[in-house]
Structures are given as structure tokens and as C-alpha cells.
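What follows is a set of notes on a single structure, which appears directly below.
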Amino acid sequence: MFIFICLVYLSQYSKCIASVEPQDNQETQQFYRISMVSSHENPGSPALFIHGKSPVWDPVLQSLYFVDARDNKVHKLDYVSGKITSKYIGYGEVNVVSLVSGSQRVLVSVRSALYLLEWGMTGDEALRLVTTLDMGLPDNVISDGKPDAEGRFWAGTKGPERGDEVAPDKGTLYTIEQESFAKPRIQIRPVSISSGLVWSLNNSVLYYIDSATQKVEAFDYDLHKGDLSGRRTILDITNYGYEDAFPDGMTIDSHGKLWVALMLGGTVLHIDPDKGQVIFGYKLPVSRVSAVCWGGPNFDELFVTTARGNHDVTNEPLGGAIFTIRGTGSRGHLTRHNEHFNAFEFTNLTFTHAESPVWDTATNTLFWVDVINQDVHSLNYYTGSHDIKHIAYGEVNIVMPIENSRRLLVGVRCELFLLDWYKPGDAALRLVAALDEGFPDNVLNEGKADAIGRFWGGTKGRQNRHIVTPDEGTLYSLEGPNFIPRIHVKPVTISNGLVWSLNNTVMYYVDSFTRKVEAFDFDLLKGRLSNRRTIYDVSEDFPEPVIADGMTIDIHGFLWVALMFEGRVIRIDPDRRYVVETYKLPVSRTTSMTWAGPALDNLVVTTSRRDMDVTALRQEPLSGSLFILHRLGTTGVPDYKFVFPNADNY
């Protein structure tokens, strides 16, 4: 174990709070332990830093990230081995680190800017600028920051600092929305020292600290809009004998209670925010306590970062150590969003209009199309090999694996073809069927196979930029041996998402123009639809032009729908007919998605930059990327394959 025990305290030895009786009798009667992170090179000595800050626990890697603000370093502590690896940033003061889920990158603050940091790269190449705050105030720095449950990042600044003195009222608390990194939004101004940030368990309250006020404050919080209101004081630490201390970093536990580090107070306060009372104070053998976070395998160890001043080395030899407090009877509140900047990563590949992602479980390969560039793409999960097949024949909207065949089914313009990846030019295509004959400007827009390998696909009418001629499309099915198109729904404007319930008795369907997700009773054997009804109406939650686009399903039977022009993926309970989760991406044009990876636990989301001008692309530079959402608490089910007997010899 990487921790060596430094001190064992009976709780009565801790600094009890004058004039306030502890509110939790069980807590005051139990033993708790304070231990320290040891030096990996010298296990008998503590690892010391100049100004430890911003601890963040990674439950996947079982590692603690933190920064040394004065030494310009980001550190990562492996819980099991005790080894600390470091990343030096010779670019200025580093105050914040935050996780980017499923990625080697982390988000860091350097001076007054936010960067993505590639842990495996060296030098300046490791940094990618996200945004800059407090422009025109070169001596200001970002002092704290965290993401909320929607993935927007909250970052606060402080003014110029000399010793322990900070110029008052020079800072600001900002939010950085993922679709507009370049335009930070001012939330609170002026601020002196923006510090602790954390949200209530139901995300309806933001708790916040401007250290110079010596108060812990609260705001009513609108998670969807990112708006604050109703500012009030939860706790003034000067009322508890800490006239010379300042509240700093803050976290929350699974009971909704706050834990606050006291800089120059040498204590971690356990606070009941509803009663506005201190439950208990945990005294440390140092005075400069900077921040706290929950971690450890059971998420019940409170990691505490500390700092050392210029005159503290003799009086406080443990200043700058990383402590853990154990046996408190509390634990952290671990959620999917727990201290993660966002829940996605993105590939380095960008496309004009990516669509129709599908995962082939037999080959561990992801297929998708770039509609406008007329390309079919494949990406092998294990080798990382990315291949492209160009089809110089018109818009390519659909790609689908074929059962027991090396060929693929593709939709080109308004026709379906078998595609042989290994043949050149037109020789690679074999016509299967033509749809919407007599409507030469119509195109296939979406297609999938059902559980017996029958193809279902829909068309849309003529399109001029975002405007599609209404009621010119149709939803068809095709099956062997003759593959004659069969009409199921007509008219249709923009045929999109298709998926079946886990027991194959319901087909869910999207005609984007209606702004609805609909359901039909489904007879799998006969391929018949009946009893059309609405499952979810986009217009109830989102204004025009937001529409439903591609769709998939998870192992719990919940639907996942891409919202075009909103940049969201929503998860719908189709039985109760409401949205249970929503995920925001830093782009507006989300087109479709599929479950991928050997365990089907990664949600790949395709996006578009079609018809976006230069100004729009500057605001959304990741448009057209493939995004991969991780740790969603569920997995997908395999996509069915198209059945075409003897396809390789056709």
C-alpha cells in the first residue's frame, strides 16, 4: 500500500469547534486516522510539494491527479504501487487539473488559460489550447475549476498575488460551454480568490467559495441553462474561531454534506449546508490546507493537499504533504460525471457529414460513411487501421455488414448496392434494388436490418441546404429472395432513426420533420407495422430547428437519440416516455450513433460540418468528428446484419 501511517488521532484530539456542539455523535466517538503519501524513492519519508492543489480521483486508473502550483507540475499517484509520475509545464503557474474521460488527455489550467494536456507527449506539443480567461489582465491566474453534470466547465480566477496577499476584486467566475469554448461566460464578477466549487447531489444548488469573503455560499442552479440565482451565505468561518483562515477547496459526500479545506487554518471542516452548521473539524499538522477530494478503491478516503510557506519548513516539516483522512464514516458521491470535464473523447478524423455508424462484432470493426464526400470508412479496433473506400457515384448514406459475407451493403443516392471492398471503381458495386423511382433527386437517408436480416430503409426528398421538400420520401423493407421494395410508411419527409425493442415486438422510428420519436407494433415474422404512436416529442424540450436523427438501443431497452442542431445525445425510457439522461457535445450537428468495442460499452457518435461557414467552424472546430462516449452505465446490443444468400458470388 502506498500510504504509510504518519499520525493516529482520537477524534477528541482534533480541533473541536468552539461554541458549537458536533452534530454527529457517531463521528465524534469513533477513531479516525490521518496518513500521508510517502515518497516512492524513499518510502520512509513523505512526498512533499510546494503548493499541492486540485486533487482529482480517477476511479478507472485508481490514481490521484493533483498539481503543484508553484512548481508548474501535474502529478499522478498510482494508488497500488505508490509511484508518482509528473508532467512539467514550463509555461507558467498550474492550478487546476480535471479528467477527460476515457482519454490520456487531462484538462489543465496554466496561468489564465485552459489546455488539454496529452500525458504521453513531451514539451509544448503536449498542450492544446482550449480557451483564455481574463484577457487584458496578464497577472491574473485561474485558481480553481470543476465540471458540472452537463459537462460545462466552471473556472474562477484571482488577481495578482504577493506572498499571501491577493489584489481584491480582480477575478471572475466563468463557465466554458463545450459548444463555444472561445466565448467564456461571466457568472460572478468581481471575485477576489475564486476557490471551492461543488454541486448538490440533485444539481439544484451550486456551493461556491470566494476565499477573501471567508464564507461558503450557495446559489440556486439551473443545470440545463447553467444559470445562477438566489445567492446566500451557508457558513461564515469567522463565527467558528477562524478569523485568520480562508476557506479554499471543497467537495461533497454521498449524504450531501460539504468538506472544506481551511488555508492558514490547518483544518478540514465537515459542514451541513442545510443547517448552516459545522459537524466536525479535522485538524492536520500543517496550517496551509488547500483542497480535498474523495478517492480510494471504496471512495471513502479523503485526500487532502497542502502547501508550505517560506517560513514553514522548520515549524511545519510536513507542509506540502498529501494527507488522507480515513474512518470518517463518510464517502464520496461517485457519479458518471464525477470530476470529469466531459464524458467523451474524439478521434483526429474529421468528415463533412459522418453518418450511419455500425459495429461489426465479428471483425471488431467500426464502419461509417461520409455522405458528401461519397466515402465508406472502416476502423479496426485492435490495429487502429483506418481504410477508406471512395464511391464516385453520388451521396453515400448507408453502410451495413452482410451475414456470412466479406461484402457490405451500401446506400448510394437512392439505390442499394453490394460493395466489394477489394475491387476497384465501379466493379466494386452490384445493384440490389432501386427506391423512389421517378424521384431522381431523392436519396436514401437511413437503414438497418431487423432480427431476421430484412433490410429497412427510408428516403428523403430534394434538399437545399437545411430545407428538405416535405412528404416525398418513403419507408421501405426488402428481403430475399427477390429483394423487391415494400412500402410501409408514406409519405415521409426525412426518414431517420430505426431500432427494434429487445423482444422485437416494437419498432421505433424517426421522421425528423415531425420532430417526434414514434413506435409501431412489429410483427417480426411477417414484417408488418401497426398501431403508430408517439414516444417522445422533441418540441416539448427544444426549439426549432432541433430534430431527432439517428437512434440506437441499450441492454435495458432505453433509446439513445441524436439531436441534430442541438449537439446532444438523449436517453429515453420508451415505456414511461421521458428523457432520463442527456449528453452535450462541443458541436451542434450530431447525426447518429452506435455501440462499439468488444464489450459494446462505447457509444460512437457521428457529427457533421455540412454547410457550415467559416465563422461557425471557428466556434465549433470539432464539427464532423467522431466522438466516443464512455462510462455510461450501460452497454449496447449487437446490430443485426443484412441477409443476402451467396452475396460474395452475386
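Just so you know, glycine gets a Cβ as well, placed from its N, Cα and C.
Positions annotated as signal peptide by TrEMBL: 1-18. What TrEMBL lists as domain 'SMP-30/Gluconolactonase/LRE-like region' is 52-308, 354-608. Taken from TrEMBL, the feature divalent metal cation binding site applies to GLU355, ASN496, ASP549. What TrEMBL records for ASN445 is substrate binding site. The active site, proton donor/acceptor annotation in TrEMBL covers ASP549.
Where TrEMBL records a feature, it is marked here on the structure.
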residue	record	Cβ neighbours (10 Å)
GLU355	divalent metal cation binding site	28
ASN445	substrate binding site	28
ASN496	divalent metal cation binding site	27
ASP549	divalent metal cation binding site	26
Exercise for the section: Within the same chain, and leaving aside GLU355, ASN496, ASP549, name every residue whose CB is within 8 angstroms of the centroid of the CB atoms belonging to the recorded divalent metal cation site, in sequence order. Expected result: SER356, ASN445, GLU446, GLY497, VAL510, SER512, GLY550, ALA562, MET564, THR591, SER592
Practice task
Round to a whole number and give the Cα-to-Cα distance in Å for the pair ASP549 (divalent metal cation binding site) and ASN445 (substrate binding site).
Solution key: 10
Completion exercise
Spacing of the two Cα atoms, ASN496 (divalent metal cation binding site) and the residue listed as 'substrate binding site', in whole angstrom, works out to 6
Completion exercise
The average per-residue pLDDT within the domain 'SMP-30/Gluconolactonase/LRE-like region' (52-308) comes out at 91
Problem - Cα-to-Cα gap, GLU355 (divalent metal cation binding site) vs ASN445 (substrate binding site), nearest whole Å - result: 9
